[in-house]
Amino acid sequence: IFSNKSITGTLYLTATHLIYRELDKENPKEIWVVNIVKIHKNLSLTTVGCPLAIQCKNFRVVHFIIPRERDCHDIYNSLLKLSRPVSFDDLCAFSYNPKQTEQKRVMGWNLINLNDEYQRMGVPNNIWQLTDVNRNYKICDTYPTDLYVPISASKPIIVGSSKFRSKGRFPTLSYFFQQNQAAICRCSQPLSGFSARCLEDEHMLQAISKANPNSRFMYVMDTRPKLNAMANRAAGKGYENEDNYSNIRFQFVGIENIHVMRASLQKVVEVCGSKALSVNDFLCGLESSGWLRHIRAVLDAASLLAKAVGQEGASVLVHCSDGWDRTAQVCSLGSLLLDPYYRTMKGFMVLIEKDWISFGHKFTDRCGQLDGDPKEISPVFTQFIECVWHLTEQFPRAFEYSEVYLLEIHEHVHSCQFGNFIGNCQKEREEMSIKQKTHSLWPYLLENQHKYLNPLYDSNLSCTQEILEPSGVSFNFKFWRSMYHQFDHAMHPRQSRLNLVCSLSEQNNQLEKEIQKLREASCIRVLFLNSHARKSNRKTYLSAWQLYILSVKVEFVKSILFDLLLWTDCPEISGSGQPAPQK
């Protein structure tokens, strides 16, 4: 089943997993039932049984042939019910018990404190303050309670602005660039219609602009295509009128909506599932899906944001329609390009907590965790993860984590094993007592961080080359095989460059440890030369010879590593974005 080769075994179904144990094999294969997105039955009856195909949210596709049609029907109905839970209590996170103490579980949730993160950025300060205007989610139930606004923005201004913004999501701080005091702020679209205006909202944007003394203007970045934003005006929404706001420069960046993205990914899945396609048909199918064009659009917007903040020193206000999908993508990726901290393992967790979880990305709706409206499902977070992967490909020495880390996070967004991604906003999570009833994903990842480390990471280089400037050239965007074909073991096997570098790096570390041991042993022997001169001299000579041999091995491994990096067709390891020299 899990390959092109027919395998015979037994199928087990639990409340949380579909388990397949191959005949005469010890290790079973498991699928989270909540990870199942589609089930197909009776595709074409065979003489040996009834076919059953299962498609998962992590792009695994498995095929079973059940001997009896009645059994197949029962399995189908059971999977259909289990894969579409109707309440949060049915999710695995509320029953998951990793056998750890209550103290350790609580410590896991306290691992990340977003107020500490804002202090790392340098706020609060003399221009930005922590406001309690949203205490108890009083004016916006999809925002966090702790929000940072300009000191000059009074509570009446904030409240008035929230009434003029969709879902009450008024402009607030997402990231503060301490070097030049420019800021990334986020909100939702204004309820302007064709002519409406709001003085409080205008004063709010003016306060954000004046909070940056190094720039005479600020950007307002609408992440939607202009036609979509204009269509929203008919519904009483829309975008900012530059005539009503002083010192703003308005710009559309043209990222499509959740429905276009859902359809695009479905085309990618269909292309990947077609085994008999020629290379030309596969590439044409990938192109017609538009998926890589959408990825490029998101990265281009993030790059534009980072340049405005980091190079021009201008503050930027980002919004889409409701400010929890495209806004989250662009703000988080822009921060990632600006700040090397977010390129570390811990920093990436903080980034997700800040721009996705706390600011109310609708994980439950977008990931289809519960049985609900299928039109609300969209791969917004999947796109973000893929954009980060493209950045790791362009700047392989700038990131502490490898693609394995990204894939692991993506897996657990859909598994619902941990509580971090359950719910659509912080208020929902508090009402469900997520932190009291479930476990956090972040301690689990940190305990296993050796699996996710990037051997090419250079922390010094990452800090000196602080702002990343990704190339938007078309040939830099490619199909992410490890995401969309990670479970296809029938494909021609190949060893990735990264895995080879990891293996050689580990071998090099072991050899260096042996050299250090021999050096220490050699020094100890020298101390006893007086008592056993001839014998000791011989041992010292042997140790020196062993030391020499191991040193040669280390240099040989290092030369292989260097050659391997020259052979790669990735951009220059320094992260300049230029092609590497070929050998």
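Even glycines carry a Cβ here, placed using N, Cα and C.
Copied over from TrEMBL:
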type     : residues                                                               : note
DOMAIN   : 108-484                                                                : domain 'Myotubularin phosphatase'
BINDING  : Asn257, Ile258, Cys320, Ser321, Asp322, Gly323, Trp324, Asp325, Arg326 : substrate binding site
DOMAIN   : 289-333                                                                : domain 'Tyrosine specific protein phosphatases'
ACT_SITE : Cys320                                                                 : active site, phosphocysteine intermediate
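Annotated substrate site Asn257, Ile258, Cys320, Ser321, Asp322, Gly323, Trp324, Asp325, Arg326; additional same-chain residues within 8 Å of its Cβ mean position, judged by their own Cβ, are Ser188, Thr223, Arg224, Thr327. Of the residues the record lists as binding substrate, namely Asn257, Ile258, Cys320, Ser321, Asp322, Gly323, Trp324, Asp325, Arg326, the two whose Cα atoms sit farthest apart are 12 Å from each other. A C-beta separation below 8 Å, combined with a sequence spacing of at least six in one chain, links Arg326 (substrate binding site) to Thr223, Arg224, Ile255, Val298, Cys320, Val380.
When averaged over the domain 'Tyrosine specific protein phosphatases' (289-333), pLDDT in the model lands at 97. Proximity of Asn257 (substrate binding site) to non-local residues of its own chain (separation of 6 or more, Cβ distance below 8 Å) is seen for Arg224, Asn228, Ser321, given in sequence order.
Proximity of Asp322 (substrate binding site) to non-local residues of its own chain (separation of 6 or more, Cβ distance below 8 Å) is seen for Ser166, Lys167, Arg169, Ser188, Gln189, given in sequence order.
Sorting each residue of the domain 'Tyrosine specific protein phosphatases' (289-333) by its DSSP state yields 29 helix, 5 strand, 11 coil. Neighbour list (Trp324 (substrate binding site), Cβ cut-off 8 Å, at least 6 residues apart, same chain): Thr142, Arg169, Ser188, Phe359, Gly360, His361, Lys362. Following the DSSP three-state reduction, the secondary structure of Asn257 (substrate binding site) is coil.
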